[in-house]
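For reference, the structure discussed in these notes is given below.
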């Protein structure tokens, strides 16, 4: 039943694509800046906690609060924008990102820092709900949807590879505030780039409240979301305390932790590329590879992570696993529900942000009351269950080939 449903989905019409590589690149680079700003807090969590004399769990609010606000923005902004051209909307959201990181960089107290993170949450939620759905329309003709989506997701991976590790490295020598200042300055350049190259992006129709759960109502898309929920929660719960785990449980130096973040990010690039290619063949198996890699990394790091080379290998495996996820989730939706992607993407963004918020909050509770080792082990059943769902709930789903043009 669902196999036939997937195979009969009409391809995206050629009129929908703008055929503009620079436009696609501007969105990719903006994704890089946004995700760097969002997850840089993970890399400097120990420094923020020390400077404001708060616990690491409390400092984790810089991650969870951003995601919570982003959850609301991911829904409210697309609905409120109605038929507004998405070009000025994306420009405004980039401007908010610049403002948010400046406030964070110069905040004299933790309360004002959280204000900056709240504003960043608005920018992230609105940007993701808008930009990812447009990736197919911005892509050049004949570029497969999977690769167009992978381009945008590459910005996320690049943030892990260069943004977060370099920001963490810079924080070691010039303080964490300098890192957020640099992101703001980068945002100014990206705002100019977007202004020059983003075309007009009129939505095909306005989004109404009742249309928000359109992907949840689609059987194949719903199965992908369920699998992602279990796998994503496990990842974000642990990743939010990446630095805290390696510093307090493994006793690594800040310099070594920064290098591990770089390893994580580089491996994420390969995960992103892997998902872009295998996702065109079988997106279900792509998710399965990610789940197996997560399970092995989470099981082994607490037991063998004290050995530096082992920690490097397992961190790379972890980075590879997560590098697959953003691309795989979006390809799943473009593959199995392409006609619902533009209106349904806010739900995907909302799911991401809910998982970041709940995962980081849950991780903070475990870290404050137990330790990072318990957190890793606690996430193993969720990863294992997601693997079971891939081969039971989603069994039989296949991939029709879609491109950005007929």
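First residue shown is number 1, and so on along the chain.
In case you wondered, yes, glycine gets a Cβ from its N, Cα and C as well.
According to TrEMBL, the feature domain 'Major facilitator superfamily (MFS) profile' maps to 23-398. Look at TrEMBL and you will find 21-42, 54-77, 89-108, 114-136, 148-170, 176-198, 225-244, 256-278, 285-304, 310-335, 347-367, 373-394 tagged as transmembrane segment.
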Contact between the transmembrane segment (285-304) and the transmembrane segment (373-394) (3 or more Cβ pairs under 8 Å, separation 6+): yes
The transmembrane segment (310-335) in contact with the transmembrane segment (21-42), cutoff 8 A, at least 3 CB pairs, sep 6+: no
Cβ-based contact of the transmembrane segment (347-367) with the transmembrane segment (225-244), 3 or more pairs under 8 Å: yes
Two-stretch contact, the transmembrane segment (256-278) and the transmembrane segment (225-244), at least three Cβ pairs under 8 Å: yes
Spatial neighbours of the transmembrane segment (148-170) far in sequence, C-beta under 8 Å, 6+ residues away: 24-25, 27-36, 39-40, 42-44, 131-132, 135-136, 138-139, 178-180, 182-183, 243, 254, 257-259, 261-262, 264-266, 268-269, 271-273, 275-276, 279, 319, 322-323, 326-327, 330-331, 334, 404
Of 114-136, 176-198, 225-244, 373-394, whichever stretch has the most CB pairs under 8 A to the transmembrane segment (21-42): 176-198
Long-range Cβ neighbours of the transmembrane segment (176-198) (under 8 Å; 6 or more residues past either end): 20, 22-23, 25-27, 29-30, 33, 36-37, 40, 44, 47-48, 51, 87, 90-91, 94-95, 97-98, 101-102, 104-106, 163, 167-168, 170
Averaged pLDDT, computed only over the residues in the domain 'Major facilitator superfamily (MFS) profile' (23-398): 88
